[in-house]
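Here the structure comes first, spelled out in structure tokens, and everything after it is commentary.
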């Protein structure tokens with residue numbers, strides 16, 4: 001009996017997936033929010049991030065703007081070239097990892113958490129590259145090394161499901177998995193619209209959150225935020241998005 005209940009439930013979910021159009025649902029929810037609020041949630045978070053960017057924090061009494069100018073005027077276009085190698089870190093960093101490093105080393109902030117305030121700052125910094133083309137390069141040896149690690153992780157089959165990133169986003173791209181359409185990483189330039197607001201769970205996510213979420217979807221324990229594996233996959237995805245126009249925060253199912 002239990003077996004048949006499971007089969008019927010799966011078929012029911014499949015039927016719903018065929019009836020719903022995720023793209024239309026995104027459009028509908030976006031229009032509804034703009035009509036009711038006049039602004040999208042992601043843009044609200046970005047504005048909050050701008051305020052925090054200019055606010056002193058940590059033992060050094062500095063703000064992000066102390067180094068990068070009021071409202072980050074010296075960071076315009078920076079996100080379009082990330083992840084990248086940073087000499088002061090002697091490492092490749094994505095947006096999240098770089099912000100964490102700067103907070104700890106230059107601002108004296110202890111115990112940096114990947115919380116909503118952190119993600120709001122990251123989102124604001126990313127908006128400073130809006131309208132610019134993604135142009136991640138692999139000129140430094142450590143950038144090339146990290147990219148290769150990301151590529152290896154992309155194709156690695158892991159977990160009880162024996163799944164890989166490539167199975168979904170290369171082989172099965174464009175197909176429906178319940179209420180979502182699997183995106184094609186290169187063609188859809190996915191890195192250009194993260195950070196993003198996800199209306200399905202009412203949360204602001206950075207690219208690190210999205211990558212970690214995919215580990216969970218594959219029934220594999222995700223690496224911690226700022227882990228090299230997350231940065232490596234981020235670099236792989238961002239390099240594949242080269243030439244795409246940055247438009248953040250995205251509005252995602």
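Just so it is clear, glycine is given a Cβ too, placed from its N, Cα and C backbone atoms.
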Report the candidate from 102, 214 that shares the heme c 2 site with 165, 168, 169, as recorded in Swiss-Prot.
214
Binding-site residues near residue 165 (heme c 2 binding site): from 64, 67, 68, 102, 210, Cα within 10 Å gives none
Which number gives the other C-beta atoms within 10 angstroms of the C-beta of residue 64 (heme c 1 binding site), all protein chains shown included?
26
Suppose we draw a 10 Å sphere around the Cβ of residue 68 (heme c 1 binding site). How many other Cβ atoms does it contain, all chains included?
19
Do you know offhand how many angstrom separate residue 64 (heme c 1 binding site) and residue 210 (substrate binding site) by C-alpha?
25
Kindly state the mean pLDDT of the domain 'Cytochrome c' (44-129) in the predicted structure.
97
